[in-house]
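Feature annotations, reproduced from TrEMBL:
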REPEAT    63-95  repeat 'ANK'
REPEAT    108-140  repeat 'ANK'
REPEAT    208-240  repeat 'ANK'
REPEAT    312-332  repeat 'ANK'
Amino acid sequence: MNRELLEAARSGDTNILGTSIPDVHVTAGGNSMLHIAAKQGHTDFCKRVLDLQPLLLPLKNARGDTPLHIAARAGHHQLVNDLISTATERSAQGDDRVRSLVQMANDVRNTALHEAVQNGHEQVVDALMAKAPGVSAVANNVNGVSPLFMAVECESVPIVRRLLEAGEASCDGPNGQTALHSAVLRNHDITKILLEKRPGLLKKADNNGNSPLHFAASTSDLEMVKLLLEKDASIARLQDNDGASAIHVAASCGRVTTIKHLDKVCPDCVELMDNEGRSFLHVAIEKKRRAVIEYVIRSPHLMDLLNQPDKKGNTPLHAAALSGNLAVTRMLSSNKNIKKSAMNNDGHTALDVTMRRTWTPLERPVRTN
């Protein structure tokens, strides 16, 4: 593209256009005059260019962006309206042409709607949804991210509402996650909206088998955990691909208040074992979460967990010895309810395990007496 055309597109000067544009001029990045003018929001210039060369409307630059992508990203809602209207006016296919334009994806498979959502342009989202309401149902980018998931990540409550009002908006995110997986890590209001509009997401797992409650249990946000469990307490029994439930996750992260609440609203979830037969106490010991361990020791109704073996026959005391955590091993071995003589599948007691470690005689935490 020559300098004169480039400067005209940047400034919006229509005087240079004349009565025709015989060739499609592009920059080194593949941007046409329409791309450049769209970025600046020069509505009159864009209209004039399209009058002279309508084929520029769907033209992509080197990154796969159409002028509509550019306008949506920049937040020029009136120009977005005009570009879509031009697609309708210049084609006998009308609505089909509009859908085709709005659904065009760039090199990372973002549509114009993705760009508008990602940059928080509510009016552009409204314009796109008004012209092509079905676009939110079919548009996932290269990472599997839908506009709705993106809106949740941006914590844009108005855009989330607008997308959900349009009907069957895709809730997809990366790695099989849904918009609710993202919401529970970010925003209570959006979580409430999704639970109301899409209650089925509550039990939907990602590719690793994690439910939204698994995600929430990893955080310190007890109110979010309560919000999910109020909807359906049975989700506390959901297990991921490794057999871990929300209480295993909470134990791994040291979330004692979450464990207490899970214990309260779904009492039998404390009995859940993962695929290796580990209770949440095993996990807490392996992750050195002392507060969780102390909670179990202080809770009479959890006493059975103190000597419960995993599939290898390792009790929590074995797990403590194997972890090399001297303080936890001593705490457990000094508890009168712990069976120090219990053997694992290899015929080893916790004392045998400690003997194989490099403890000094004074450090050795498990004693026979």
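Cβ atoms here come from the backbone N, Cα and C positions, even for glycine.
For the repeat 'ANK' (63-95), the partner stretch with the highest count of Cβ pairs under 8 angstroms, out of 108-140, 208-240, 312-332, is 108-140.
DSSP places the residues of the repeat 'ANK' (108-140) in helix, strand and coil in these numbers: 21 helix, 0 strand, 12 coil. Residue counts for the repeat 'ANK' (312-332) by DSSP state, with H, G and I taken as helix and E and B as strand, are 15 helix, 0 strand, 6 coil. Taken through DSSP, the repeat 'ANK' (63-95) splits into 22 helix, 0 strand, 11 coil. For the repeat 'ANK' (312-332), the predicted model reports an average pLDDT of 91.
Residue counts for the repeat 'ANK' (208-240) under DSSP (helix as H, G, I; strand as E, B; rest coil) come to 21 helix, 0 strand, 12 coil.
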